[in-house]
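All remarks here apply to the structure that follows.
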Amino acid sequence: MDRDLHMRIVVKLGTSVLTDGTDRLHRPRMVDLARQMAQLREAGHEVVLVSSGAVLAGWERLGFPKRRRELTHKQALAAVGQGRLMHIYGQLFEIYDVPVAQTLLTRADLRDRVRYLNARATLLTCLEIGVLPIINENDAVAVDEIRVGDNDTLSALVANLVDAQLLVILSDIAGLYSADPRHNPEATLIDDVAAVNEQVYALAGAAGSHRGTGGMFTKIQAAELATRAGTTMVIAAGNEPNVLVRLVAGESVGTRFRPVSTRLESRKRWIMAERVRQAHIAVDAGAVQALTQQGRSLLPAGIVAVEGEWRRGQTVAIVAPDGQTIACGLCQYAAHEVAQIKGSRTSDIESILGYSYGAEVIHRDDMVAF
């Protein structure tokens, strides 16, 4: 596997990995995986964890009551288990002096642009200050999200959210096989997939674990999402010795899915998808130079005028003094807010608005230059 010197990695742990073949959370397996993630951080990599297991943790905490099929029962177990799961993770990562932060998401949070910006800013700030984010779906309030494969899909969306180079989905299955290895002894592991297509989906079948909600089919769906967004994805067995460290070191473990586009191309398409027409931010010559020649973010000081209306999180054009559109980007502030802070210093934003979403009106990572 090609390696960057330092990577941003999303690790997804399924319920089957957390239980390690038992009917409860398996602490030795969890502490070993925590050790590996801590080791990756020590090597300079950034790690985000997407974890299943809240429902199981709740079931364990309540003394393993008889399982019921009602959605509300699952949600109640998730509500009980989420705090317990985070408490366990907090204790395990404390062994390696790794601070953790809990984030509960649904895919709806990542479809709405304002909530997307908020989630992205929170997670990137956590990474910046050395905190390991632990993400789970908000099962206690979600309705149609508690279904097969949701955390697989969520992990791919999170990888895109934080611009991860690598997504690793750990399971009780070692990867994608030519046939179901539990029923066909001649099945062989496929170590590399160039593109997710109908043949790959056919190989996935409906294989899955009874303890979790995800099967191989949903992992292939996640692979399609991740690779289209420019992220390499690997499916591997969670009980494989030192699996995370070996993967990041470049060893071939499990099944690798190659990205079919660059992360930059994918993000540009996403940013441009909802550009607000007949609206723009006019900037001065100094801002033009900072944006086009120095790769800077757009700050209030360089803004001279606001045209049109938009909401926070929408894509707006940036126009030079000669009227030429030089870039587009996700705006951290609504049009009426930009109108109030234009020409101001970043340190004055909070005193002008009474709050602040950050120093940048449009961050360079959320900008497409022309």
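Cβ from N, Cα, C; glycine included.
Since the structure is predicted, the reported quantities are computational estimates derived from the model, not experimental observations.
According to Swiss-Prot, the protein has these features:
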BINDING   LYS12, SER171, ASP172, THR213, GLY214, GLY215, MET216, PHE217, THR218, LYS219  ATP binding site
BINDING   SER52, ASP139, ASN151  substrate binding site
DOMAIN    278-356  domain 'PUA'
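ASP172 (ATP binding site) is surrounded by 18 other CB atoms, counting those within 10 A of its CB over all protein chains shown.
The binding-site residues examined here are ASN151, THR218; by Cβ neighbour count within 10 Å, the least packed of them is THR218. The Cβ of MET216 (ATP binding site) has 25 neighbouring Cβ atoms from other residues within 10 Å, across all protein chains displayed. According to DSSP, the secondary structure content of the domain 'PUA' (278-356) in residues is 26 helix, 23 strand, 30 coil. In the predicted model, residues of the domain 'PUA' (278-356) average a pLDDT of 96. Neighbours of SER52 (substrate binding site), defined as other CB atoms within 10 A of its CB across all chains, total 28. Around the Cβ of LYS12 (ATP binding site), 30 further Cβ atoms fall within 10 Å across all displayed protein chains.
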